[in-house]
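Notes for the one structure printed next.
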Amino acid sequence: MATPHINAEMGDFADVVLMPGDPLRAKHIAETFLENVREVNNVRGMLGFTGTYKGRKISVMGHGMGIPSCSIYTKELITDFGVKKIIRVGSCGAVRMDVKLRDVVIGMGACTDSKVNRIRFKDHDFAAIADFDMVRNAVDAAKALGVDARVGNLFSADLFYSPDGEMFDVMEKYGVLGVEMEAAGIYGVAAEFGAKALTICTVSDHIRTHEQTTAAERQTTFNDMIKIALESVLLGDKE
């Protein structure tokens, strides 16, 4: 039944949901990649859709910006609508010089300055990691599509406008591939409620070089990432 944030019914969502931050990007994904699309959520403008990809039922819905927002939506999808797998498809900023604009990053794990997982885990560090099979399927899908995806750690930041520039040096030293704002929270929610999750990001800007894509480009040109996510779902069905 409907929740305070999702006005859908059980069965409206597929067992796999792709989740960009921007609800308009969710609309673009649904209209571009799915067939037989119908809207299943519009509360607070957080658009959600269900359709089919090569005959496979798949949903896509926005999750908003930051860990608090995405945690609400992912929790409700899992506990109230029976969702089993969540794939965040978003953008990230690069800190390493060998990571380029529009590179695809598969988030094997997620560091964070947020305390949400410590709250969950009795103030201990929680290893926020993606589901192994989902990572493997995404890697295999990228190879099949001829996309040279990077695999490694993301950093989920609470502040978009961070005052601590030195932290980027630390991230680079530790091999962090990209900075975003949600993966660690989504991995924590999935672990808490027995679901599986993965984050795939496209590099939208470079923190060192100050290169960046436009908002319109973020909405329409990150197709490689979406294709990887969708094809990885089909690979997962074969397991």
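Cβ coordinates are placed from backbone N, Cα and C, and glycine is handled just like the others.
Straight from Swiss-Prot, the features:
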type	residues	note
BINDING	His5, Glu180, Met181, Glu182, Ser204, Asp205	purine D-ribonucleoside binding site
BINDING	Gly21, Arg25, Arg44, Arg88, Val89, Gly90, Ser91	phosphate binding site
ACT_SITE	Asp205	active site, proton donor
SITE	Arg218	site 'Important for catalytic activity'
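Taking all protein chains in view, 31 other C-beta atoms sit within 10 angstroms of the C-beta of Glu182 (purine D-ribonucleoside binding site).
Among the recorded positions Arg25, Arg44, Arg218, no residue is found with its Cα located within 10 Å of the Cα of Glu182 (purine D-ribonucleoside binding site). Taking the Cβ of Arg218 (site 'Important for catalytic activity') as reference, residues of its chain lying under 8 Å away and at least six apart in sequence are, in sequence order, Asp22, Arg25, Ser91, Thr202, Ser204. For His5 (purine D-ribonucleoside binding site), the nearest neighbour among the listed binding-site residues (Gly21, Arg44, Arg88, Val89, Gly90), judged by C-alpha distance, is Arg44.
Just so you know, of the binding-site residues His5, Arg25, Arg44, Arg88, the Cβ with the fewest other Cβ atoms around it within 10 Å is the one at Arg44. In terms of C-alpha distance, the listed binding-site residues Glu180, Met181, Asp205 place Met181 closest to Arg44 (phosphate binding site). Other Cβ atoms within 10 Å of the Cβ of Gly90 (phosphate binding site) number 28 in total over all chains.
Under the three-state DSSP scheme, Gly21 (phosphate binding site) falls in the coil class.
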